[in-house]
Structures are given as structure tokens and as C-alpha cells.
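Asks: What follows is a single structure, and I will ask about it in a moment.
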Amino acid sequence: MEMETISTFAKKLWCVKKQLILVLTPLILLPLLFGLPEKEGKCLYVVLLMAVFWCTEALPLAVTAMLPVCLFPTMGILPSKKVCPQYFLDTNFLFLSGLVMASAIEEWGLHRRIALKVLKIVGVKPAWLILGMMITSAFLSMWLSNTATTAMMLPIANAILESLFGDLATLKENCKVKEETEGQSQVKLHSLPSEKQILSIDGTDGMVRSNGRTAQEIRTESEYQMKVWKGFLICIPYAASIGGTATLTGTAPNLILIGQLKSYFPECDLINFGSWFAFAFPLMVLFLILAWLWISFLYGGLNTRLCVKKQDERAQAEKKAEAVIDEDYRKLGPINFAEGSIAFFFILFAVLLFTRDPKFVTGWSTFFNKGYVSDATTGVIIVSILFFFPSQKPSLSWWFDSRASNTPYVPLLSWKKAQECVPWNIILLLGGGFAMAKGCEESGLAAWIGAYLQPIAQVPPAVAVMFITAFLACFTEFASNTATIIIFLPVIAELAMFVKVNPLYFMIPATTGCSFAFMLPVSTPPNSIAFASGHLLVKDMVKTGFVMNILGILSVSLAMNTWGRAMFSLETYPDWARPVNMSSTVTDIQFPSDSPFNLTSLP
């Protein structure tokens, strides 16, 4: 009876867990206000309060992000006039312009045309199709949100899988075929009504005999097909997460990095859209190839069929899948004026961002006052054009012929559509991150925490990079990647200054590692969408994601110690990272050659 009472009470507590977190967390954290230095203690109280609310989602993420507006001024940490501007820095406008461009691409279906074209090019053998899915997902998530990319690609993947292997329910039944039914089974191949005419065999009802195959052969083939099906579903969210790291606007943590760099190190101008792309795109390609090899190996896509053509049942299924892709692409019709216009502005958007100030060559920003034009300026200029540029080719004859009909004027993008598509909560979340970073800097909390990280000073920098990437990749499995980087980036910046290492050497891997959430369905929305299909198990994601995390950590470490060192001069401690009040007599600190933090000794 007592156990039943305890169980009932526990269930009731679970039902009100969010309310309990909201009430108890501020009370539990109260000792921080009295046991630490005044300003640092107050700031740590707010940071931990927000961290708990973000990780548990006791409040909506955007609402938690607004807490600095009320808590920092009332607790004497930062005046309101310094907190509020953090919510709309130029970094937020760059993010907003990327979201508006993405909504225009989605409005006119350009992303679907790109996806189907890539799949037509790579072919229909399972491993090549997985590669095609990953390339397309990664490319689209460089510009669209990872969630939108996954949501768009999964239906395409399911249609192709249905044509390759037939109905999933029947496939699962065939995996359970027993030996006693040997030679008697029938295998149902197709069940999608819209594709029945395309995929039916010899004009029948979609049922074919097993051609004398034994039950064991049917089961073995069905198990292989189920593995490939899982590989298709799992590769899309993973590729979307990887692709988002390649551009500043691809994912929120990248923008948090550049925003906090501007706050902590105003003189640092090394990171912009072009320089980040030059560093992160090769990293993304490397990681994508490693991920493809791992997923294809794990889920049966890597075999001799990659290069050898065989005329068997699999070859017939592959032909049907190719027919589905061709048919879907044909239904799109020729590229219209709106799609062509969006493609033009999209390319212009990317080119102008890349060439504004790429660092390795002179950019076009030199034609303007130094420091006046940022990536946000470029982005807003281009997306503003979308709101008045026509979606249909204007009729010139209407001006000269009174009887000619005029083409109706519809812009490429309406503000109503932009409002619906732009996730404004993420804009507030970014702002909350910048406000928190400002509070940590002004209160001295980051420096106070950094001073307690002395043991890490004994770790060689290359090992520290791997440790930081691994830690944040694990932490972000349980928390939002944006919240994770907001919480830890100020501490990592302070740690780098404490041990006299180029801050970028620690901050870039931390930022990238926050996007490596592969192991759990709850880690990131793309994982949740793929898992919600009902065809993946948690153990599938854990098994695949664990190795993916290792591959990601190794890829980041390689990038930082090769082309990253050359691009950002990581082997030296830069002047822009020195405290402004440091006397001129200690600005040239020399480190002994055997010091673990002398980056010139790195291999």
C-alpha cells in the first residue's frame, strides 16, 4: 500500500515538474548571492537560473532568453540601456536575412528542384543515393534551417524507398518469415497509390511471386532492405546538422560565436561570412565524406554494386526508383521566372557575402568607409529586393498596346509569408545569448570562472581542443545547441586568455562541436523528425551517433591544426586578445619552447 502511495505521489510530482522547477530553482540557487563576490555571484545566479530553464524547458526558450532584460538591471549587474541593444545586434540581422531568403526559396519550391536534380545525378544504388541525400541535405541546410531541410527531404526519401523495397509494413513481415513457409510466400512490393502505375510489375496488382526463393533468402533480403531504409532516414538529419556548420547563417551557434567575439574582442575582425566559409566548408566536406562511409558501411550500402552492374531483382527495383525520381522532376516542369529570379538572388546573396571581406584577397567593402558595411548590411539589401521584385515576367507590350493584358504584379515574397516562416523565437534566443555574454563580461564572472580552470593549463592545446569539442558535443545531446554555446562560450574565451592561447583556437571547436548532436532523438529537431517516422530505434541513433561524434571531434581537431592555424594565425597570441588595461611593458609575453601552450611546438 505504501509503495502504491509513493508511486501515485511520484506521478503527481512528475505532472507538475515544470512548475516545481520554476519555483524551486531560484530558491536552491540563493546561496550563490551570499557566498560569492557580489557582482559575480549575482551574475552566476542569473546564468545558472537560465541554464536550468533552458535545459529543462520549464519556460519557453525565448521567454528564458528575455530574463536578462528584467534580472540584470534589477540586480545591479547591467543597466537596461546596455542589455536591450544586445537583442538586435547586426549579427541578428544577418541571421534574419538568411531566414527570409530561406522562406523565399521554400515559397517557390527551388529547394525541391535542387534535391531531385542531385538525386538524378548520383544514381539510385543505395550507397550513391545515401550520398546524394547527404549532399543535398548538407547544401540546403547551409541556407535553410536544419529542421526545414529534414522535413523536406524525408518525404522524398520515403517515396524512393517505397519504389526500391515496397511497402514498409510488408517488409517488416518478410523479416519474420519462418522456414516452414519456404517456397510458398508472396512478397508485396508496392503500396503507394500515386506510384502504383509507375512501379507495378507486368501490369499486375503489385504482387509478385518469390521466384522460387526460400524463406531464408526472403528474410535475408528483407533484413538488408530494412537496414538500408534506416540508413536513408538517419543520414538526412545528420547531414543537415553537418551542413549547417559551413556558413555563419547555417546554424545559431555560429552567429553566437561572431556576436560574442565582437563583445569580448572588439578589435578581432578575422571572422566574417567569407572567412568562416573558407574554413568551415572544407571541414564540412571532410566530415560529410567520413559520415557517408560510416553510415553506408553500417547500413549495407557499401558493396560491389557501387561499381558493378547486375541484372537481378535489385537492379529492377533501382530502375523503378530512378523512374520515380525522373517523374517527380518532370512534374516540376521547366524552371519558371520566379524560380529563376530566386536562384539569381540566392547566388548574388552568397557571392556578395563571400566577397565582402574574405581576408585572403581584397573585398568589395573597401569601396566604403572602413567598418561601416557588415555582412548584415549585405543580407538586408538582397532580401529587401525580394519584397518588390515581381514573381512573373513583366509584360512590355501592355505599355504600348492598350488591348494587351497586363501581368498581375505579385512580389517574390510577401511580408505575411516572411512573418509565418521566420522563427522569431530564435532571434530572441540569440539576443538572450548576447545579453548573457555581456553580463558575464561586465560583471567579471567569466574572468572569475577562468581563474578556477588552472588545471587545464597543464593540458597541451591540441588535446584541450579535442576535450572541449567532445565535452560540448556530449552536453548538446541533452540541451539546445544554442543554449549550450551561450552558456559555455564566455567561459571558454576567458580560459583561452588565462592560458595565453589564441581564443579562436578554443572558441571555434566549441562552436562547431555544439552542432554534433547525433546520439539521441531529443538532441536536435532534425533527429526528432527522423525518429518520429517510427522506423528508427533509439539504439540505432546511439550506435551510429557515437561513432559520428568521434569522427566529428577528429575532423575538427585536424582542421584546427592544419588550415585553421594558417588562416587565423592560431600559433600566436594576438594583440586583440590582450586586456585593454594591460601595461605596455607586458604586451610581448614570451613562452618557453617546452611550454605546453606554445602552439609553435604543435605537430
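Every residue gets a Cβ built from N, Cα and C, even glycine.
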Asks: Looking at 84-103, 544-563, which one does TrEMBL call transmembrane segment?
Replies: 544-563
Asks: Is it the case that the transmembrane segment (231-258) and the transmembrane segment (20-36) touch, counting contact as three or more CB pairs under 8 Å in which the residues of each pair are 6 or more positions apart?
Replies: no
Asks: Taking residues 6+ outside the transmembrane segment (43-67), which of them lie with a CB under 8 Å of any CB in it?
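Replies: Contacts with the transmembrane segment (43-67): 17-18, 21-22, 25-26, 29-30, 32-33, 36, 75, 77, 424-426, 428-429, 431-433, 435-436, 439-440, 443, 445, 478-480, 482-483, 486-487.
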Asks: Counting CB pairs under 8 Å, which listed stretch among 126-144, 270-295, 335-355, 462-492 touches the transmembrane segment (544-563) the most?
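Replies: If we count Cβ pairs closer than 8 Å to the transmembrane segment (544-563), 270-295 scores highest.
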